[in-house]
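Structure record follows, encoded as structure tokens.
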């Protein structure tokens, strides 16, 4: 018995020995498998949006400066009127010449890009902006500035129509990250443009023009140096676009309907943007705020631009996925019409004008994004062709507003341009309602944010 018990005890104590000896190997194997899984996840995870080639940052910087040009002159319009002895109607033509040439050029930018390539289209656009912005700053009459702004608009059209394609082609992390970068640059430019215009304009009205020329020259050099095809890779063949492809695209009922909506909507948009500095300055003087000038106007429109940038990038995608494009478009057009009516009602109140202008930026950001996306979804046309046709109509509608706002104010009173802008938005609402059958493809909420971002980005590029 004692002998058996001793053997049993010995065997019992000996049994766990193999487990004890192998126990360190088990966690080591687990750690190796965990490290392998972590490596696989890291390989699947897209790189950080901040880790981009220098060429991408060069294009993004140029995009921001390019979009600065839209709101850059807003704070200095009254200063140009005073120093060059020009009327409000004359100085607002700085918007008209810029937007009209941009709109006309948009119909042909897809053809130009297909002929000379993305890189050289970007370079040509930047060269034109640098030259004509500098010439505008050196001008001695308002007529010269108007003419040089037209050349600036041509350069801007060539650049922004191809900027997104260039960023997508050069960025790491896929098209989604490239589009986020593009939208961020767009928003930054729209917001910072009035601020830079106000800061430099408080020194001289020439400052914003020379400042833009200098910044774009830096961007031009950066793109020439950094944006090159990788060595050893064959050039991708370019698909040649017909010269009048954008005009033919307007035969599509949905695209024509949305282009008409954009035409009248942009009329109201640029009544607000181009005309508002004059009632603000007059209301400030009536309130005894004699120091209200370019710097203060720049701050007001900086707030407007920040509001527009935030809602266009962050809020609009949420609303369109939740409610669908058409309900969002109807709601934003109605809200903007109300804003223009309120601007007419508060035309002699500086606080009222400032508050309504900044609030309108929130609605404009959503509207711009939703309308661009609607155009991208409404047809099966190539996106660059559809966006060129739509953008051409959009910019031409914006060009008309500053040209007629001054004469309307002189003939019917300072509030009347805002009433006219509100009327244009009513026309947009009616056109959108009448086009219901042609717009069936955009009637449902969206399923993914990625597809939406791609559509928005491609549309904004033109």
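Cβ coordinates come from backbone N, Cα and C, glycine included.
TrEMBL does not curate its annotations; it predicts them automatically.
On a predicted model such as this, the values are computed, not experimentally measured, just so you know.
Per TrEMBL, these features apply:
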{"type": "COMPBIAS", "residues": "21-32", "note": "compositional bias 'Low complexity'"}
{"type": "COMPBIAS", "residues": "33-44", "note": "compositional bias 'Basic and acidic residues'"}
{"type": "DOMAIN", "residues": "55-440", "note": "domain 'Major facilitator superfamily (MFS) profile'"}
{"type": "REGION", "residues": "1-45", "note": "region 'Disordered'"}
{"type": "TRANSMEM", "residues": "55-73", "note": "transmembrane segment"}
{"type": "TRANSMEM", "residues": "93-113", "note": "transmembrane segment"}
{"type": "TRANSMEM", "residues": "120-138", "note": "transmembrane segment"}
{"type": "TRANSMEM", "residues": "150-172", "note": "transmembrane segment"}
{"type": "TRANSMEM", "residues": "179-203", "note": "transmembrane segment"}
{"type": "TRANSMEM", "residues": "209-229", "note": "transmembrane segment"}
{"type": "TRANSMEM", "residues": "250-277", "note": "transmembrane segment"}
{"type": "TRANSMEM", "residues": "297-316", "note": "transmembrane segment"}
{"type": "TRANSMEM", "residues": "328-347", "note": "transmembrane segment"}
{"type": "TRANSMEM", "residues": "353-371", "note": "transmembrane segment"}
{"type": "TRANSMEM", "residues": "392-412", "note": "transmembrane segment"}
{"type": "TRANSMEM", "residues": "418-439", "note": "transmembrane segment"}
Overall pLDDT of the domain 'Major facilitator superfamily (MFS) profile' (55-440), taken as the mean: 88
Folded-back contacts onto the transmembrane segment (209-229), same chain, C-beta under 8 angstroms, at least six residues removed: 53-55, 58-59, 61-62, 65-66, 68-69, 72, 119, 122-123, 126-127, 129-131, 133-134, 136-137, 166, 170, 196, 200, 235
Range from 55-73, 179-203, 392-412 with the greatest count of C-beta pairs under 8 A to the transmembrane segment (120-138): 55-73
Annotated stretches the transmembrane segment (418-439) and the transmembrane segment (250-277) touching (3 or more Cβ pairs under 8 Å): yes
Most Cβ pairs under 8 Å with the transmembrane segment (179-203), selected from 250-277, 297-316, 353-371, 392-412: 297-316
Selection from 250-277, 353-371, 392-412, the stretch that has most Cβ pairs under 8 A to the transmembrane segment (297-316): 353-371
Contact between the transmembrane segment (353-371) and the transmembrane segment (392-412) (at least 3 Cβ pairs under 8 Å, separation 6+): no
